[in-house]
Amino acid sequence: MKIKFTKMHGAGNDFVVIDAINQSIHFTPAQWQHLADRRFGVGADQMLVVEKPQAAGVDFRYRIYNADGGEVEQCGNGARAFVKFVTDKKLTDKQAIRVETMSGVIEPRLEANGQITVDMGAPILTPEDVPFDVSGLLCKAEGADTLWPLDIKGETHWISVLSMGNPHAVQVVADADHAPVREDGVLIEHHPRFPKRVNAGFMQIIDPHQIKLRVFERGAGETLACGTGACAAVVSGIRRGLLASPIKVQTRGGELSIAWAGDNSPVLLTGPAVTVFEGEIEL
């Protein structure tokens, strides 16, 4: 089976994007893993699939597969790549589109300066809906947020727990560059209190309008940027009284801009999307 693809990235978070409107695809988890492999495949953090919509009132269906072959609910940086792809391929002539995902509808739009803004919807703040098992835990309040203790290697990490369509655990660190992201990230991802696993964010506060962030992504490991992780970190920081919107998020792959007006308001994610190359692969 030969598949045409486009390699893209958003702030270094890289993707293989596949048009499933004009070609038929039927991949196994092993084939997704092969496609993501940086030595034997194309190489990517996630694979993004463009499909015809199934729901009424939307323009496209957006599906996301992690490097481990598992399908996931949401990817903010990928949403920007998705918009650039459907625009460049002339699959739409709209500046703003409605896109169906596993976790609901998102509304990305192409800005005049070439940046792309994605309305990521309102965060989910109820632990049980993330999901996160709070049984037997004693939480503490910080500002409007609730912090939960998580035991990692015998040490207590105080985390914010929320969902941006996918689950996130966010903690504040003194120095993001030297935080044990890979060592602790995998333990947080697979912690038994997260039945669907979790994305682990390590946030350093620079000032009230700027943070440095590293994210260990569920099913992908540490990536150069994570859009939903940036949104989750900003929501956590604002609710804790540490940040004020808008916020610049420095990732290892570039800068993202996040705006959030508070509980029940949508989180707006703005950043770049870049096409690297196009190709064809036999699977």
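Placed from the backbone N, Cα and C atoms, the Cβ positions cover glycine too.
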Per Swiss-Prot, member of N13, N264 binding substrate alongside Q46, N66, G76, N77, N166, N199, E217, R218, G227, T228: N13
Integer Cα-Cα distance in angstrom, R218 (substrate binding site) to C75 (active site, proton donor): 11
C-beta crowding around C75 (active site, proton donor), within 10 angstroms: 30
Distance, C75 (active site, proton donor) to N66 (substrate binding site) (CA atoms, angstrom): 10
